[in-house]
Every structure is written in structure tokens, then in C-alpha cells.
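Trainee: Here you go, one structure.
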Amino acid sequence: MNIKNFFEKYNIKINNEKLFNEALTHNSYANEHKLKYSYQRLEFLGDAILQMYVSRFLFFNYSKLSEGELTRLRASTVREETLFRVAKDINLGALVKLGHGEYITKGYEKPSILADVFEALTAAIYLDQKEDGLVTWLGQTLFKYIKDSNFINDTKDFKSELQELLQSEKRSDLKYIIEKEDFFANENKILYTVSVNLNGQKFGVGKGFSKQEAEQNAASDCLSKLKKPTSN
């Protein structure tokens, strides 16, 4: 797929194509072709840029949310799962440059790679197009996804909800325990398996590529079991 044609759909006319090529180059491709660059540095910058512009977007568009709710919503917006979904929706995988081995294993469909590329492209667009171009890009991709989907309602703090439920029932001794850590060398990621224990008894299990995500999923699992009607 032609890079310039792809971005013209988003009213972005590329000035420095080298920046965009760098943002789309996975380190496996860089190693095979002996390149001195990959998307990692731009990914670093893109992560910081997203934090800033997502914060601003949420602040001005969701005036009724508290500081804590905005913080949780921002974390959910910039997490890997959300960026992956957006990248997949716009077929970003078709542009990513991968090494042979990574391509064979369908790296162009991997959540970690697509999320990283979205961050790197965000940085490239900011450097090439300045703020106006970046706002145009985010408005048609990430922010559009947030507005059009049920994202806000689906974004919940299950740990806080569980804590409040237990307090209302005067139950205590809540613990989150890491049961397992699986390391994925090809993605340089750790998949955590966490359990929720109440008074020494396991009530829920969750997985995630961060401890926080795994704990949230475990809390969600626990809540679904605690709220399930008991048969008489």
C-alpha cells in the first residue's frame, strides 16, 4: 500500500516521507536490512504526545467526569488494546515493514506491534504536520473510535467497584496475587495471570500484559461471580 495515498484519506499530505518510513519499520525489518533505524524512538515520543492530546480531548469533551474518572479513562484510551483496535480498523498492518520471520508469524496482526506503530505514526505526524495535522489524524482515528463506540460505558474501574461492593457488605481481606508470568520473547512482553482472593479463597482470575490490566480483569471476573444469583 502506498504511504502517501493512505494518509491522503485523512487529509494529510506528507512532507518528510523518511519520518513515516521510520515509523512503520519494525526492528526485525531493520535488522534484516541493516538499517540504523526502527520505529522505537518515534514510539517513545508518540506515547508522550498521546498522553497530552488524549488528556486535552477528554478534559474538554467530558466535563462531567471527575479527575479520577478522567485519569482512568485516559489510561484505557492509550493502552495497547485500544490502540490496537484503532490500528486494525484503519488497516495499519498493511503498511508495517516486518522481517521475514515476523511476517510469517503474522506480526502485522499482533496487538503489541500495531499499537506501537500507531504511537510512532502519531509522533511522525506531529513532527511533520505540527499540531493541526495531529489533531486531524487523531480526530479521524482514535477520537472517532472513542465517540462512535460504547467505549466510555465499557471503560470501568472494576477494582474500585469490587472494593465498594465488599465494603457495603462489610467483607474484607481482599488480595490480588500474581499466579503466573509468561514471557513472550518475540514481543518483549510479559503476560500476567492474577487471582482475586477473599478471605483466602480464590474468587476470580484475570490476565493482562500489565499487572494493572490483569488485576482489573480479575476484579471483573470476581464481580461477575459475586453478583451471580444463587439458586435456592
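Glycine is no exception: its Cβ is also placed from the backbone N, Cα and C atoms.
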Trainee: Swiss-Prot records D116, E119 as Mg(2+)-binding residues. Which of E22, E32, E43, E181 is assigned to the same site?
Mentor: E43
Trainee: When you measure from the Cβ of D47 (active site), which residues in the chain that are at least 6 apart have a Cβ under 8 Å away?
Mentor: V78, E119
Trainee: Where among the binding-site residues E43, D116, E119 do you find the Cβ with the fewest other Cβ atoms within 10 Å?
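Mentor: E43, out of the binding-site residues E43, D116, E119, has the fewest neighbouring Cβ atoms within 10 Å.
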